[in-house]
Amino acid sequence: MGNGTSIGRVRGKGSAHNGAHHWLSFRYTSVGSLLLTLWFGASLLMLPNFGYAALREWLASPLAATALALFIVVNVWHAQQGLRVVIEDYVHEEGNKFASLIALNLVCFAAAAFGLFCVIRLALGGA
Amino acid sequence: MAQQAGTRNRPLSPHLQIWRWGPGMLSSILHRATGIAASVGIFVLLWWLGALVAGPAAYAKFVDLADSPLGILILLGISYSVIAHGITGIRHFVLDTGAGYELDTNKRWATICTALGVILTAVFWAALLLR
């Protein structure tokens, strides 16, 4: 049982009274992911081919580059939220869970940073 | 505390071995599995973009790999995961409102959503190949 403080309540028995925030935020990113993934799928279908030149031309457009940047951010974010829930469901040992969540966050930040760097290079840089 | 919580014999997340298989349960676990697979797909997307940044020669190597039988199988798997996860995600949105829990309704929509994942993936690839 908890000792009356917030952390005591969490350790003792369940609710920290902020679970709804993660749950809602997860729904927000899922809507963004749905819209941007529809855009991404439609864009793939509208590309003339998947050759180097066609793709460079596509991503030279500011609109496409912006949407692709958002696509990467929202999907990495949504994946982080989802994989976090998976880890919390299956990794019960506290130390392992903590380490897994840290690793997950590091990988997700790195993935988003690399993706954004690539989009910016493709949008602004020469070949 | 937490360590004790793990050793106490409390009910944890539902397990595949315990739940009886049915359309609703299949749709639910597929949602999780496709979500994990789609997350892995992000790294293929990053690989693709990284190859583009690295230049025409590196990109040609990527296309060679992606165009191989294994590459196509992986891309099929990723596209199925993304599409199926989107559809079961919409199903979860409806369930979140508290609707669709009647046994018949739940069973029907779980079946429809699971089938739609496969059908729309086929439609996507048909559209891609027939452009």
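Backbone N, Cα and C define each Cβ position, glycine as well.
Automatic, uncurated: that is what TrEMBL annotation is.
Pulled from TrEMBL, these are the features on record:
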- B:29-50: transmembrane segment (TRANSMEM)
- B:70-88: transmembrane segment (TRANSMEM)
- B:His85: heme binding site (BINDING)
- B:109-130: transmembrane segment (TRANSMEM)
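Within the same chain, residues at least 6 positions away in sequence whose Cβ sits under 8 Å from that of the residue listed as 'heme binding site' are B:His31, B:Thr34, B:Gly35, B:Ala38. Sequence-distant contacts of the transmembrane segment (B:29-50), counting only residues of its own chain at least 6 positions beyond either end whose CB sits under 8 Å from a CB of the stretch, comprise 16, 62, 66, 74-75, 77-78, 80-82, 84-85, 88-89, 91-92, 114, 117.
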